[in-house]
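Beneath this line is the structure, given in structure tokens, with notes to follow.
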């Protein structure tokens, strides 16, 4: 067996993720780039890494009865057992014997015969005896958390906020890989024509479920195609596309995107403005500001001005009442995108949301004076955590009586999401439409 077998590459990626706490989506991109893989093997690698990572707690629960002294087992061997068990329990297309054989071969090369024998023994025992049932866990929250590999505290938080049934739906949909969605650049393309052109070139696509400029990519990737390179489409989740619609920017207006990287929402705003007016896009990190500029260049958008700046100091640079509309797409816990970044389930802590809420509120406080009277302030996050969403907005409006909920938000959003809009706020949970979890709140400045 060659060192570069797909399973060995997957194991190497899992080891790096565990050691470096790297983002899974970024690491996987770099691993794919550095290994020459066929489309089929690229798909298998993605499946193995994401699947093993996404089901880590469940896999450890299944492995536990078969490992006598887990503290003595090397971390890479645990990763190998998880990877192999994932194939045995979750991937019907891979025969158990193939998964076990590959695991033993990898163990021989990476370790020695003793480790190979141990790996073989554990996996053969599982094959013979079967894994323990999750039904043995009496507490329903703990059972759900274990079966769907979420931290127990997080499942409890969702159950308290939305009810146990909704928490279960959130957890289960997180285990289903998301489809890639594209936003059509209406400055350069028409969605209906683009769908026909893509189909003619063998790209499997269909209309999006929510946004009028959305296209669902059913198979393959878009980044290397001329559609992407020529700026006809951008990669963006449908719930994220609703943010610019909520802001509702018009041509010739002055808009601020206070936390803009990597630039998808800034670009959408500029497209809706027909590339007329001004969009100032801020981000704290210089390398991320570069991404905003690159996105604008690719899409042919000249009204985006990207600057490196902490939004919490924006008042030092900009005038009061300078902007018609401001978007604060705030840094957040990101629980709405767990399907795309499964590793975050294991790295986040219960007090993260309270810490982030302070940052979010401080950004809103700094930005508030910059909105013109009668102007719009939209706050959004990709999380379902009420501490970062409703509680932040409640605190902000209490402190700033010159802002009020924008009750016209509902009319600006697609019909399907309107029933979920309350008091100028929209909370999308991932199971509603199969999109990322997202929170959007629109406020008007009185006067």
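A Cβ is built for glycine as well, from the same backbone N, Cα and C atoms used for every other residue.
Taken verbatim from Swiss-Prot:
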BINDING   259, 260, 261, 262, 263, 264, 265, 283, 310, 329  S-adenosyl-L-methionine binding site
ACT_SITE  382  active site, nucleophile
Between residue 382 (active site, nucleophile) and residue 265 (S-adenosyl-L-methionine binding site), what C-alpha distance do you get in Å?
13
Residue 263 (S-adenosyl-L-methionine binding site), number of other Cβ atoms within 10 Å:
28
Fewest neighbouring Cβ atoms within 10 Å: which of the recorded positions 265, 310, 382?
310
Give me the count of other Cβ atoms within 10 A of the Cβ belonging to residue 259 (S-adenosyl-L-methionine binding site).
23
Through the lens of DSSP with three states only, how would you label residue 265 (S-adenosyl-L-methionine binding site)?
helix
Report the same-chain neighbours of residue 261 (S-adenosyl-L-methionine binding site): residues 6+ apart in sequence with Cβ closer than 8 Å to its Cβ, ordered by sequence.
283, 285, 288, 289, 291, 292
So how far apart do the S-adenosyl-L-methionine binders 259, 260, 261, 262, 263, 264, 265, 283, 310, 329 get, largest Cα to Cα in Å?
19
